[in-house]
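*Asks:* One structure follows; several queries about it will come next.
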């Protein structure tokens, strides 16, 4: 397994950078990637199980749609719509769990919805693919804008610098070095920009879908090791996906910044009856219900409120 | 898939398009009807979240006139079955959705709506 390696976001246009180092890669590796992504993480499963029947939500960066069939204990009790930028992942997501799902080709930085239309939103392993602090903050803003201002709930997961001992990935030795960090120094919770390789073995006899030569769309840029490849098989391709690994405290700071940008109070909802604001004036806020680290990821669960 | 449950939530988000940007209008819609699991509890819970007039209008655009213009107070099984069919069993596979305000066209291909904007169209 090739190592995770530090990188520096080089393009002047982060959108273009993400197109090359995230979206095009996922379009190329979609079927193989999907075959490795089927087990829901416990906190996400518990979150989706806790939702009232009849709620409708959106999975921002749904990938292969592995969370769309949940909750398993009450299938069909809530309805999650999946959004992603990778059309090839969406083709898998729309039959996640072998049932018709609703999926939308879209960007997590856009807002193609009625405002506050959703009861809940999840964004799992997605925001860490955005290449600048501003874009990551905007993505959190979009999560908050997508859900109902009165009761909307959200769960966000991002990859952590602090990796699980059991993780198959090796951590770049320079993870804590200042020199490799793209964020401005002096801030709390700096993360680490890295490339995470995806090795796509290409046996000639299977999965023709992984080779989509001649199709439309931007080509990814694989590095092709030329050594030791027998003629029967295509050479394995290594695709480097861009990640921003989050430092401790960084996700919560992002939530605070996003809340501030939207004019939301960050904190628990005031108890009924003690609101001191003027007549008819509503105070809006967002509460951090829980946050923490699970299996190499930071997560935060949010709830919006208005009084 | 674009079913009417999704259509009822989508809105135009092109640059500067902030009013009269919902509901999107179907254009050249090719539909498929496919059975879905009926869940009365889900429908009862989801009902208050629906923009009813938009749902009825969109269903009529797709040739389904089974829903009443006003949301009924009695949620009997017959009504819930109709609602289930309109929301979850009518799939728009090909065609487009057009913004009633700025006329932006969002294509639908293989049942997947493309809500991406070109860079200059992003607000």
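Placed from the backbone N, Cα and C atoms, the Cβ positions cover glycine too.
Bear in mind that TrEMBL entries carry predicted annotations, made automatically and left uncurated.
Small disclaimer: the values here were computed from a predicted structure and weren't measured.
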*Asks:* Do you know which of A:148-169, A:170-191, A:236-257 TrEMBL annotates as region 'Disordered'?
*Replies:* A:170-191
*Asks:* When you get a sec, could you say which of A:205-234, A:265-294 is annotated region 'Disordered' by TrEMBL?
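*Replies:* That would be A:205-234, the stretch labelled region 'Disordered' in TrEMBL.
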*Asks:* Which numbers of helix, strand and coil residues does DSSP report for the domain 'Methyltransferase type 11' (A:58-144)?
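*Replies:* Split by secondary structure, the domain 'Methyltransferase type 11' (A:58-144) comes out as 25 helix, 19 strand, 43 coil.
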